[in-house]
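As given in TrEMBL:
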REGION    1-154  region 'Disordered'
COMPBIAS  27-48  compositional bias 'Polar residues'
COMPBIAS  73-83  compositional bias 'Polar residues'
COMPBIAS  118-129  compositional bias 'Basic and acidic residues'
ACT_SITE  HIS274  active site, nucleophile
BINDING   LYS276, LYS504  substrate binding site
ACT_SITE  HIS502  active site, proton donor/acceptor
SITE      SER527  site 'Interaction with DNA'
Amino acid sequence: MSQDSQHGKWTISSSDDDDDEALPPSGTATSGSRQPTESSHSSYRSATPSPPVEVKPEPAKPPVSSLAVGSEARQSAAKNQLNPVKYETSPSLAGKRKKVASDSTGWALSDSDEDDGEVKGKSLSDLPKKAPPNPKTKKPKVESERPPSPHGRLYYIDEPDDFFESRLPPLNDTYRFYLNKVTGLEKKYNNGALHIRDILSPLFGTLKESVQFNYCFDIAWMVKQYPSEFRDRPVLIVHGDKREAKARLIQQAQPFPHVRFCQAKLDIAFGTHHTKMMLLWYEEGFRVIILTSNLIRADWYQKTQGMWMSPLFPRLPKESSASAGESPTFFKRDLLEYLASYRAPELEEWIQRIKEHDLSETRVYLVGSTPGRYVGSDMERWGHLRLRKLLYEHTNPIPGEERWPVIGQFSSIGSMGLDKSKWLAGEFQRTLTTLGKSSLRPDPPMHLLYPSVENVRTSLEGYPAGGSLPYSIQTAQKQLWLHSYFHRWKAEATGRSHAMPHIKTYMRASQDYSQLAWFLVTSANLSKAAWGALEKNNTQMMVRSYELGVLYLPSAFGMKTFSVDKNPFPVSASFSGFPVPFDLPPTSYTTKDQPWIWNIPYSQAPDTHGNIWVPS
């Protein structure tokens, strides 16, 4: 699906922004580029996807091997970031500025751009043309392997000397839920947070081999995150790239003979391999990390990300039974089932290794999605029906639960239909409001957290943070009803109000927000592609994408509810409440707030680095 405009050809997201009626049958091959459900790095000039391009090394630009692979859009966006549009000199600010609002959408587009025409809401063809580039402007040479940043070449390496751990940090061993470190924060807000170098360091084990499941990769950068003594240990990359993107990924790995690949099967159109997981095999045992960060530089420094890190699982004694090493949450069984769903020979040795380890200390439940159409009892294996089943079986009704709001927080939004009953307030809300075997189906408040334009503009990264929040105008215009649910990103308690969220979390909170009935951290955004949708009069579940998350239920921790930790930083080893990554209660949008839309201009006000956002 695409439409032409003065900004070129816009490709509507082929994973989340889809209309089921327009989709080809399962198994139908599709051509063209795949737009990401998330983007790592969009430019000030190019915030939107473009057709596939062959990226070739040029002297003044980073080589192909240094660019993040995960979509053609990222390749183009990273190249264009060498020349951000400055607020004070931008041609789009010259002359008069006319405020224009769309009758059909309510977007005041030319509050932030010069536009003499009405925006009709159904087309981007009336948006202003971008001024031609100044031929006298020289692009600076990039001499390192780092991709360009609009904030200068030190942007990603300007961390304090003690940013990386030299000893085991104080960690919350009760929940094992951690945020990533963020540059530019007070030191206490990184105390107990983890960077990728910390995760892979010898402090956690003597690494023998690893698997990296992810959506977007920068292979050269990823390899450098391993400590020097482990840097040549075998790594298996599990990805979903096809055709040109796959070729680029393989090309990236040419200097690294220890890197191998496993391509995830995406048999349903518009699906993505969105799962983010590390399997780490040590001399001392085995560990699993389920996280929300892509394996690219931009995801690990000034965004809010989250992860669950397992305990170190010891090896079982030889001749142990097939059921040995299982946890009360059946995590081992479910992890093996998830890996088996790939139907990949490359994962067989890992399946066998997991069988040989004791995972009994695990206290979280695995909630995954894998592409397919499922019927009968298989409908509850994946997606939101899997979550519903766990909430039904392992939670209990709560007095006054109709006043316990449901909270969803995410970084991308798919097409959900012309009104809330089509999916969100129907099947998905029914899942999120399940508490035990009660027949009561209350209709509690639902709060959805998604960054506003002002959140992005004033963020640590400025407007480029919006490149990882790919909610398109095409999708937004079709579901204006959704925006009444929106709440701003605010995270003063964790120091991360200005670190835009790439984390995805869902939870059920008490009316006073002091308790949680459950908490989920996952790769799954707010979309049918990620969570699945019922078909054929609710007799079939269709899931498009691979996703993975972990569910925290109080019963697995010997509790009735989780208390919320109001001051999660600095982390102490002693027991405390659950570290929710953002402030509770959520903050509603004001009448002036608009959700961040990544493919329209924002040029009335500069961001924190003095630049504006002009899609092209």
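Keep in mind that glycine also has a Cβ here, set from the backbone N, Cα and C atoms.
Keep in mind the model is a prediction, meaning the values are calculated, not measured.
Here the active-site residues are HIS274, HIS502, and the one ringed by the most other CB atoms within 10 angstroms is HIS274. A distance of 12 Å separates the Cα atom of HIS274 (active site, nucleophile) from that of LYS504 (substrate binding site). Taking the Cα of SER527 (site 'Interaction with DNA') as the reference point, the closest of the recorded positions LYS276, HIS502, LYS504 is LYS504. Here HIS502 (active site, proton donor/acceptor) is positioned 12 angstrom away from LYS276 (substrate binding site), judged by their C-alpha atoms. Counted within 10 Å of its Cβ, the other Cβ atoms near LYS504 (substrate binding site) come to 25, all protein chains included.
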